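Presented below is the structure to which this report refers.
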Amino acid sequence: MSHAVKIYDTCIGCTQCVRACPLDVLEMVPWDGCKASQIASSPRTEDCVGCKRCETACPTDFLSIRVYLGDETTRSMGLAY
């Protein structure tokens, strides 16, 4: 099951989320909106298993990357989102 992965413009281009993802769902792409001139992108969200390691690795106070679990997963885990 794929999950929605959202990258926000508060991304600082540090690559921590990309390196934390065990399934290579994320990659960095050019972007002029931050000092690093790159931003995380999620071209392979169909491979996301919802582990949220990318969220945990994000050093910004804003959680520049968020994984939104699909309905089926949240029900099976007993989570209310």
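Quick reminder: no glycine exception, Cβ is built from N, Cα and C everywhere.
Copied over from Swiss-Prot:
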type    : residues                   : note
BINDING : Cys11, Cys14, Cys17, Cys58 : [4Fe-4S] cluster 1 binding site
BINDING : Cys21, Cys48, Cys51, Cys54 : [4Fe-4S] cluster 2 binding site
DOMAIN  : 2-31                       : domain '4Fe-4S ferredoxin-type 1'
DOMAIN  : 39-68                      : domain '4Fe-4S ferredoxin-type 2'
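Geometry remark: Cys58 ([4Fe-4S] cluster 1 binding site) versus Cys48 ([4Fe-4S] cluster 2 binding site), CA distance 17 Å.
Here the candidates are the binding-site residues Cys11, Cys14, Cys17. The one whose C-alpha lies nearest to that of Cys48 ([4Fe-4S] cluster 2 binding site) is Cys17. For the domain '4Fe-4S ferredoxin-type 2' (39-68), the DSSP counts in helix, strand and coil order read 8 helix, 7 strand, 15 coil. Residues 37-51, 53-60, 62-70, 73 of the same chain, all 6+ positions outside the domain '4Fe-4S ferredoxin-type 1' (2-31), place their C-beta atoms under 8 angstroms from a C-beta of that stretch. The closest partner of Cys11 ([4Fe-4S] cluster 1 binding site) among the binding-site residues, by CA position, is Cys54; the full candidate set was Cys21, Cys51, Cys54.
Compute the center of the Cβ atoms of Cys21, Cys48, Cys51, Cys54, which mark the site for [4Fe-4S] cluster 2; besides them, the chain residues with Cβ within 8 Å of that center are Val5, Cys17, Ala20, Pro22, Leu23, Val25, Leu26, Val49, Gly50, Lys52, Arg53, Val67. Secondary structure from DSSP puts Cys17 ([4Fe-4S] cluster 1 binding site) in a helix. The binding-site residues examined here are Cys14, Cys17, Cys58; by Cβ neighbour count within 10 Å, the least packed of them is Cys14. When the binding-site residues Cys48, Cys51, Cys54 are compared by the number of other C-beta atoms lying within 10 angstroms of their own C-beta, Cys51 comes out lowest. Each residue contributes its Cα atom, and for Cys14 ([4Fe-4S] cluster 1 binding site) and Cys51 ([4Fe-4S] cluster 2 binding site) these two points are 20 Å apart.
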